[in-house]
Ligand SMILES: Nc1ncnc2c1ncn2[C@@H]1O[C@H](COP(=O)(O)OP(=O)(O)O)[C@@H](O)[C@H]1O
Ligand SMILES: Cc1ncc(C[n+]2csc(CCOP(=O)(O)OP(=O)(O)O)c2C)c(N)n1
Ligand SMILES: [Mg+2]
Ligand SMILES: [Mg+2]
Ligand SMILES: [Mg+2]
């Protein structure tokens, strides 16, 4: 019998059978892959629904990330959006558009990553679609349950609220900068499976940035927890902290003040900036990366005054009457990722953003950088 080396060899239904065999079980999925549609429990009669699409070359590179990392990230990015509403995931739908020459081992390892991240988040894949495409594209739809609570939207922040974040900031952007600069090694596309076990002693100090870029770990449970604590607005930081807080400021009709003295760069982030600096590739400091970097999928939320924040949450500023986002009292230009912004369609920002962008000029700089 011929060995199947590509998904073209397997055929559409062969791919589906192989991929779906790698997903965990879940009580929320009443009917999973195999019928015309899936059946998912909706315990409180409302369903939280979100979708994020990942495109090769835009969101990931096969020579930068292992297929299992890309599976993890596709799931994480979507469940982070559910968490940011205060919801837990109940089921995912995954659209896979892939070239026929995609190695079967790549699809297997991708599905392993998807399944493992689902298991970590307490959900599974209920269905999807598999089609042929020149451009590898992964479209995830995630459905979630609010457990009887109100959704935490972007329009509820009130003057006097505390602004807090949970999860890392800037690490993923630093990982991206390290890969772009060629300082961090890429992933060997020939090695389709999990990356080799790591030898912590041999790792550079910035290794966490690379791992965070490839496989972010949003604090899923903290979304519902923040909702229970009375969070007035919340989102996950995907495009950049300042830009994303701008959505809350606009949606809520308030101003948000961020204090950089409250932003404490992770040592791995500082190490990445030093490595970029040494290579002549660090136009921005750690705090700038924390303000403008996205893709860590940390949660940012506003809480009523006097809320006792759980240990995982760090206060970074406050809400007042007005509009816009300030950093250390200075109005900040919108900074962060815009798929259609900038000359090459990748970064947004004011007039100077082309020069204050990340290592490759794709993120625009935030204000600050005192650290
Ligand atoms: N093509 C589209 N059709 C309908 N709604 C969209 C489309 N693209 C984005 N949206 C909506 O616009 C809002 C902002 O999108 P986005 O910035 O991608 O959110 P997030 O950062 O939370 O993933 C979301 O509510 C999303 O559902
Ligand atoms: C190859 C590659 N180039 C650039 C980036 C950086 N990048 C791509 S999308 C993005 C922003 C987040 O993705 P988006 O699709 O905007 O997610 P959403 O805001 O909808 O959650 C960033 C920082 C990357 N991760 N990989
Ligand atoms: Mg989105
Ligand atoms: Mg998103
Ligand atoms: Mg975005």
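Cβ from N, Cα, C; glycine included.
Unlike curated entries, TrEMBL annotations are predicted automatically.
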Mg(2+) 3 binding, same site as 36, 81 - TrEMBL member from 199, 205, 236: 236
Integer Cα-Cα distance in angstrom, residue 295 (substrate binding site) to residue 51 (Mg(2+) 1 binding site): 15
The domain 'PurM-like N-terminal' (34-144): DSSP-derived helix, strand, coil residue counts: 35 helix, 41 strand, 35 coil
Contacting binding-site residues for ligand 2, chosen from 36, 128, 129, 236, 337 when the Cβ sits under 6 angstroms of any of its atoms: 337
Proximal but sequence-remote residues of the same chain as residue 50 (Mg(2+) 4 binding site) (Cβ under 8 Å, at least 6 apart): 78, 81, 82, 85, 141, 142, 144
Residue 129 (Mg(2+) 1 binding site) to residue 154 (ATP binding site) - Cα separation in whole Å: 31
